[in-house]
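Shown next, in structure tokens, is the structure this report addresses.
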Amino acid sequence: MSEAEAVDDLRKKLEHYMRQYEPIDGTVENISFARVENMGETVTAHKVAGQKESGILGYLSGMRALPQTIYFTRHGESEYNVLGRIGGDANLSPRGQKYAHALSEYINAIAGQEPMAVWTSELRRTKQTAAEIMAPKRAVRALNELDAGICEGLTYEEMQERFPQEFAWRDQDKLRYRYPWGESYIDIMTRLRPVLSALEDEDNVVVVGHQAVLRCMLGYFLDAKLDELPYMTVPLHTIVKLTSYGYKYKVEMIKLPIECVDTHRKQPKNCSITRTSADALLTVPSHYDTLPSNLWQNSTEAQL
């Protein structure tokens, strides 16, 4: 079908819809409804009440037809990443600093052609990563990394040694498991709701975040299954570019050539609370025990 034929076909369909369309307004007293005109130019709400209906109204109000590009990236490699420690508020490693510079060069080239905004968490490693980007910045508390509670700052080995039962429970249901005095992935999804709604209203945004948070955000835009979220691969030193087309998003992974550790941990096969330490730690990524001095040199010389 040619373009002209497609346009003519669409016009005929619209004419048919117009003949069948029955408008609704406030004279219908007992029906709650929301009416959207011209892709959100006008939104009319009638007898909308309750959390569910209000939530639907919020989504309808955020409809957009124009293309949108969102760039997601984790912070540069941090000192805690190098040491295999979770959570915390560590500074960037030297390689993380190199990534911050490379990221700024990449984004600044784009920002020079079109308006750009940068959102970070309130943690220093995201702010350090975005420091050289020449665009308005906004620190958003809801973008902070998952709170690991009593396990903040521990390695997986230390967690297995001190809290083996907690470690096993988390492996059994990583989506819903909540660290003692901390958070779960479900908690992150809840606090991200207003952020995601606000993000859909923006045009071009760079989100500098954290592994668990970006898993939830990417899962939302890519309509991922809930149980897949905690194991989505979101590597360090990689830009995830989402470009909207209609109500879907095209994904492009842009790996910048800066060496870094791998922090992705697969779910182990044995998740029993009676498992051995060897089974529990089978999928833990390699890491350093102390910060190596050669990380200050060429990163290709520093091998795990």
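A Cβ is built for glycine as well, from the same backbone N, Cα and C atoms used for every other residue.
As given in TrEMBL:
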type: BINDING; residues: R74, H75, G76, E77, S78, E79, Y80, N81, R125; note: substrate binding site
type: ACT_SITE; residues: H75; note: active site, tele-phosphohistidine intermediate
type: ACT_SITE; residues: E145; note: active site, proton donor/acceptor
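Looking at the residues that bind substrate per the record, R74, H75, G76, E77, S78, E79, Y80, N81, R125, the two CA atoms farthest apart are separated by 14 Å.
For the pair R74 (substrate binding site) and E145 (active site, proton donor/acceptor), the C-alpha distance works out to 10 angstrom.
In the three-state DSSP assignment, the secondary structure recorded for S78 (substrate binding site) is strand. Put simply, of the recorded positions H75, G76, S78, the one whose Cα is nearest the Cα of the residue listed as 'active site, proton donor/acceptor' is H75. Cβ proximity to the substrate site centre (mean Cβ of R74, H75, G76, E77, S78, E79, Y80, N81, R125, cutoff 8 Å) flags the following additional same-chain residues: V82, A90, L92, S93, G96, T129, L236. In sequence order, H75, G76, S78, D89, A90, N91, L92, G96 make up the list of same-chain residues 6 or more apart from R125 (substrate binding site) whose Cβ falls under 8 Å from its Cβ.
Listed in sequence order, the residues of the same chain lying 6 or more apart from Y80 (substrate binding site) and placing their CB within less than 8 Å of its CB are I86, G87, G88, A90, G153. Note on the recorded positions R74, H75, G76, S78, E145: the fewest other CB atoms within 10 A surround the CB of E145.
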